[in-house]
């Protein structure tokens, strides 16, 4: 049975059992900073399990795309070396939210495996938590599982927790027995790590709440969360014992083998590449791009690991991007969006391959050089590990992979010392921390009434929080959170900032500084400036109307901007995020290159045309499927319910949006783009202002033009021509200065040659030369490199309290001494930074007083490199 048939059979089975089929969520968890990636089928339902969100159904089934690479759940180092570990996988799951429990969950799973998939019961092995007598009785007495193929396991194997506190419960696992020809023992024994018995389905019964002191109490509404990996199930159904031998991987392995012209399809590197293209393509399709932080860096690590494995099998050219096409073909039934984004995914991967190719060979050469110095030691040094990371872009786990192949471990302590020394701790710091949890599960959802009114008659306080726990009262000057049954305050979401304002009664006044959501609850954060509050007190709500109005203008403008960008640049443009404030708006979108002046003008003009057209803005509630069929765009990273709010602006824009908006586009008044910048690979950002803020921006611009006209002693109309004339005169003077400097440089060259010293058979020249700019230093360096060989040359100059320096290393020395590394070493001492190539680099810094000492250290630095010491 192929993988497409398995997906269809699973969903149809649970649909017939009254389950709502829920499409796969994004690999990027919505509103969950505790997770890098969606790593399990239950992640999209997390708030439902916690009681913070209510869905219109109580039982669901899904096939969820998952990533396990980076963070707590990280399978990366095992990928390719085992039969079952993957960075990307699909989790088949069925879920019950206070509906059915153990009996039904167990019967559903057994019936699907034995009746729908026709797996022989004697090939299945079942485990339960040792204290879960209820589940054991169902398996043994109702299902009548063979007691010889049944195990009771301890808490480590068969008890699941969402965290240190919160929902938890026992689980029951179903294993498939591949037979005695495969090594490994049954579950619950010391030999369980073999491949004979493979876990295919895990049934989690969430029936307890764990408190801070570890005490377990029964949940009033128990739930079920199950998960079954498609890759493992496909292996079982296709009669193979290794996931890489299934139809999910074989087309990719064969495509990679064809690229490398090899025939051994069991090659580990082929398996790594096949796994990694799945993860990379789906991450990019979910708008994650390679970068140096957070999720983007995890993606970069996976790409570079694949490239290195390609290099191992002779692929020295860009190849990885070519596997997107066979992947899109293979996944076209289950995930047609991959084919739609194929070209953009290929381009991003190709660019990343080319970037890493520049340093890959040099890094591999350094790795081999370090191996020759180990002389029998089994630990790769931290200093070299850091050089590979910092200079050549080798992620640590990539070097760990290489070291493992040679039977080596890594000196992580030494690596961390180097990181500290370079003050780069930020590179290793996690961007994702656990979110504080307010124990709000039993509260009723807050009713938002702020679309039509900015004021709300007095309603009782449902709860008060101090940020950690529920409190009974709030005194004057204390900060806290107020929860009401209904509110006109908009909670931060969809890029729009939350409302501010006041909650008041006759004796008390609470200043609301932020409004945000926790599940289905709206929390008013702020400070009690007058009186005293306790639960049950009634408060009137008053939103800051002026701020809300300004925010509303900007939010409606982002919708017009999004539509205009897609019209001018193409339908491939996707929103990546936004920030809608009272003073300005910020809009992030996917696009490979910067927008030119003409494109920006077209976008701005198109938005203002729609404002002048005074289009009506209409909102409708409909199902998510109806919205998609109507062509409504959804915002990246946002989580939507089954019923969604669709915002339509004439025939120009249709998007899903829960934010606040004007009634007609003409209310926006004016739209002005103030900046367009790149924020990461393939992601651009436009900043803009609207209404009065746009007029203020134009007025400020006119003031600056008037000041410039005064400075140039001309009128505004003649300012451009006068500036061109002055620039021409300046360039002529600079040309004369350059000619004079070249004459001076030519005369100085011979004198400097005589200052070079001999050092272990090479020439070393270190000199501070003032009165010469950067171009002059580079010209002089080129002269000296032609006349001094082999040589290391450092030239520095101080101009306007800034140090400029250039470093040259003749080609025959670059194996031992790199110009860019020497420049960086000097730059650190003078409070700056540097960069370049192995034979040429330049640097600058703001500490001219430190230059003398820094130059004196160059000789020692060069000596250590000549002696082969890289510490």
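Note that Cβ sites are derived from N, Cα and C of the backbone, with glycine treated the same way.
The shown structure was predicted, so the numbers you read here are calculated from the model rather than taken from an experiment.
Classification of residue 559 (Zn(2+) binding site) by DSSP places it within a helix. Taking all protein chains in view, 27 other C-beta atoms sit within 10 angstroms of the C-beta of residue 559 (Zn(2+) binding site). Summarising the annotation, TrEMBL assigns Zn(2+) binding site to 555, 559, 657, 661.
Under the heading domain 'Alanyl-transfer RNA synthetases family profile', TrEMBL lists 1-700.
Highlighted in sequence order, 556, 558, 617, 647, 655, 659, 660 have their Cβ within 8 Å of the centre of the Cβ atoms of 555, 559, 657, 661, the residues recorded for Zn(2+), and are not part of that set.
In sequence order, 552, 555, 556, 559, 617, 619, 647 are the residues near residue 661 (Zn(2+) binding site), counting only same-chain partners six or more apart with C-beta under 8 A. In the predicted model, the domain 'Alanyl-transfer RNA synthetases family profile' (1-700) shows an average pLDDT of 88.
In the structure as shown, the Cβ atom of residue 555 (Zn(2+) binding site) sits within 10 Å of 26 other Cβ atoms.
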